[in-house]
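Student: My structure is below; once you've seen it, I'll send some questions.
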Amino acid sequence: SESSAKKFERQHMDSRGSPSTNPNYCNEMMKSRNMTQGRCKPVNTFVHEPLADVQAVCFQKNVLCKNGQTNCYQSNSNMHITDCRVTSNSDYPNCSYRTSQEEKSIVVACEGNPYVPVHFDASVAASA
């Protein structure tokens, strides 16, 4: 079965670079990465950075996770990300998403040995 680390990669990593101006990016990616099976996953973020750079976040700034756990980490630098949000007129199985590109700091939960990201917690605008 899929490990938590592999699930994180499937759901959140797209290192091929930014999707530029493809408005269908989220529709295509959410489907190809199996996040529209059984339901339309409401929100998902893809990170367009090398996997090693995202894994390195586990050794950066320790922050509190949204659920109160203490194993979350915030990236020291901004990363290119794409936020996918299901549209209000979206009707399963025809999941439809709005694609928005951002440059933000990311927050991930890490666990295991090796210590790697297993959950995408948030993206935050970097403080100036």
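Here the Cβ of each residue, glycine as well, is placed from N, Cα and C on the backbone.
What you see is a predicted model, and the numbers here were worked out from it, not measured in a lab.
Sharing the features that Swiss-Prot gives for it:
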ACT_SITE  His12  active site, proton acceptor
ACT_SITE  His119  active site, proton donor
BINDING   Lys7, Arg10, Lys41, Pro42, Val43, Asn44, Thr45, Lys66, Arg85  substrate binding site
COMPBIAS  1-15  compositional bias 'Basic and acidic residues'
DISULFID  Cys26-Cys84  disulfide bond
DISULFID  Cys40-Cys95  disulfide bond
DISULFID  Cys58-Cys110  disulfide bond
DISULFID  Cys65-Cys72  disulfide bond
CARBOHYD  Asn34  N-linked glycosylation site
REGION    1-28  region 'Disordered'
Student: Specify the nearest of the recorded positions Asn34, Thr45, Cys72, Cys110 to the residue listed as 'active site, proton acceptor', where nearness means the distance between Cα atoms.
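Tutor: Of the recorded positions Asn34, Thr45, Cys72, Cys110, Thr45 has its Cα closest to that of the residue listed as 'active site, proton acceptor'.
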Student: Hey, which of the recorded positions Val43, Cys58, Cys65, Cys110 is the loneliest by Cβ count within 10 Å?
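Tutor: Minimum Cβ neighbour count within 10 Å, taken over the recorded positions Val43, Cys58, Cys65, Cys110, occurs at Val43.
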Student: Who are the chain neighbours of the compositional bias 'Basic and acidic residues' (1-15) in space, where the CB to CB distance is under 8 Å and they lie at least 6 residues beyond its ends?
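Tutor: The answer is 29, 33-35, 44-51, 54, 82, 108, 111-112, 116-120.
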Student: With an 8 Å cut-off on Cβ-Cβ distance and a minimum sequence separation of at least 6, pull the same-chain contacts of Cys40 (disulfide bond), or say none.
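Tutor: Correct list: Met30, Val86, Ser90, Tyr92, Cys95, Ser96.
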Student: Taking Cα-Cα distance, which of the recorded positions Cys58, Cys65, Cys72, Cys84, Cys110, His119 are within 10 Å of Lys7 (substrate binding site)?
Tutor: His119
Student: In Å, how large is the greatest distance between any two Cα atoms among Lys7, Arg10, Lys41, Pro42, Val43, Asn44, Thr45, Lys66, Arg85, the listed binders of substrate?
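Tutor: Of all Cα pairs among the recorded substrate binders, the widest measures 22 Å.
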Student: How many whole Å apart are the CA atoms of Lys41 (substrate binding site) and Cys84 (disulfide bond)?
Tutor: 9
Student: For the region 'Disordered' (1-28), jot down how many residues DSSP puts in helix, in strand and in coil.
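Tutor: Breakdown, helix to coil: 13 helix, 1 strand, 14 coil.
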Student: Looking at the recorded positions listed here (Thr45, Arg85, His119), whose Cα lies nearest to that of Cys72 (disulfide bond)?
Tutor: His119
Student: Run through the Cβ atoms and count how many others sit within 10 Å of the one on Cys72 (disulfide bond).
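Tutor: Result for Cys72 (disulfide bond): 23 neighbouring Cβ atoms inside 10 Å.
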Student: Please report the three-state DSSP label of Cys58 (disulfide bond).
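Tutor: Assignment for Cys58 (disulfide bond) reads helix.
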Student: Around the Cβ of Thr45 (substrate binding site), how many other Cβ atoms lie within 10 Å? Please give the count over every shown protein chain.
Tutor: 19
